Amino acid sequence: MGKPNRVNQTAISDFLLLGFSERPEEQPLLFVTFLGMYLVTVMGNLLIILAIISDPHLHTPMYFFLANLSLTDACFTSTSIPKMLANMHTQSQSISSTGCFAQLYFLLTFGGLDNLLLAVMAYDRYVAVCLPLHYNTAMSPQFCAQMLGMCWVLTNCPALIHTLLMTRLAFCGHKAIPHFYCDPSALLKLACSDTRINELMIITVGLLFLTAPLMLIILSYVCISWAVFGISSPGGRWKAFSTCGSHITVVLLFYGSLMGVYLLPPSTHSAERESRAAILYMVIIPMLNPFIYSLRNKDMKEALGKLFGSWKTLFLPE
């Protein structure tokens, strides 16, 4: 079979995001549910950012990275959910090829940034627990800004390359994607040209944004555990571990949902299973993160209380 001609390569100008279209009777309920979850996600993460900015006591490396994680979560969710809601509202499944590739780029960028920020936050906790006397020097504002910049570069470059490689493929057959977002693996199955380079890129990106950050997180917590168990006082051990509790919870939820799908045998994969997992790590976990960090963190609860108090004074003066 020869390569598709130019006409066939440009025949598809849009794709179909099937999403939850197989359940038309549930569309109104799903729309209200996802709209509510999306609003809670965006508002919750923005509140975390505003609380950190407004409270000078939270101008530390840990909260600097938490603010960036909250921003990333809000952007990550905004990449796919608004389009899904728009399609539900209009009862349409269409997304332009340009819109699909743009969505793919931002999904890869913010998804990868989420992973790297979790790894950087683990390193921050390692320095705080294992090298407390050198914390201010090791985690200086300049170094934190450099690490954040490095995270952006390490996510943007592969995401851009992967997206550009995807635009070079010929899509001359079916155009239905069995998800509510432009999944790269699903797009490759629709291509009728050579996808070996793209598949290699997916493996490379997967190793970069999943394996490497996870290994760094595990190594950091192995060192933290070793240092904490060396503390003779039970109260000291609890105080050291309590600073890591929220981060550990988020890491377990995030990587647990990813591994629950992508490390299962191929025979157990299904579009419905992958869509549910995508909802978990693209919607539910970003929605839960603000609650995890605020309910388990005394400083964050105080900062949110001050923020709400200032708003009450501003809008409801006595």
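The backbone N, Cα and C atoms fix where each Cβ goes, glycine too.
Remember, TrEMBL labels are computer predictions, not curated facts.
Annotation source TrEMBL lists transmembrane segment at 29-54 (among others).
As annotated by TrEMBL, domain 'G-protein coupled receptors family 1 profile' applies to 44-293. On the 0 to 100 pLDDT scale, the domain 'G-protein coupled receptors family 1 profile' (44-293) averages 86 in this prediction.
The transmembrane segment annotation in TrEMBL covers 60-81 (among others).
The feature transmembrane segment is assigned by TrEMBL to 102-123 (among others). Sequence-distant neighbours of the transmembrane segment (102-123) (same chain, 6+ residues past either end, Cβ-Cβ under 8 Å): 62, 65-66, 68-69, 72-73, 75-76, 79-80, 83, 95, 147-148, 151-152, 154-156, 158-160, 162-163, 166, 181-182, 184, 187, 205, 208-210, 212-214, 216-217, 220-221, 247, 250-251, 254.
Among the features that TrEMBL reports, transmembrane segment is placed at 143-165 (among others).
The transmembrane segment feature in TrEMBL is assigned to 200-228 (among others). The list of residues near the transmembrane segment (200-228) in space but at least 6 beyond its ends in sequence, with Cβ under 8 angstroms from a Cβ of it, reads 108, 111-112, 115-116, 118-119, 122-123, 125-126, 129-130, 154-155, 158-159, 161-162, 165, 184-185, 188, 237, 240-241, 244, 248, 251, 255, 258, 262.
The transmembrane segment feature in TrEMBL is assigned to 240-265 (among others).
Beyond the transmembrane segment (277-295), the same-chain residues lying 6 or more positions past its ends with a Cβ under 8 Å from any Cβ of the stretch are 34, 37-38, 40-41, 44-45, 47-48, 66, 69-70, 73-74, 76-77, 80-81, 179-181, 183, 246, 249-250, 253-254, 257-258, 260-261, 301, 304. Taken from TrEMBL, the feature transmembrane segment applies to 277-295 (among others).
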Outside the transmembrane segment (29-54), six or more residues from its ends: residues with CB under 8 Å to it: 20, 23, 63-64, 66-67, 70-71, 73-74, 77-78, 81-82, 84-85, 88-89, 283-284, 286-287, 289-291, 293-294, 300, 303-304, 306-307, 310
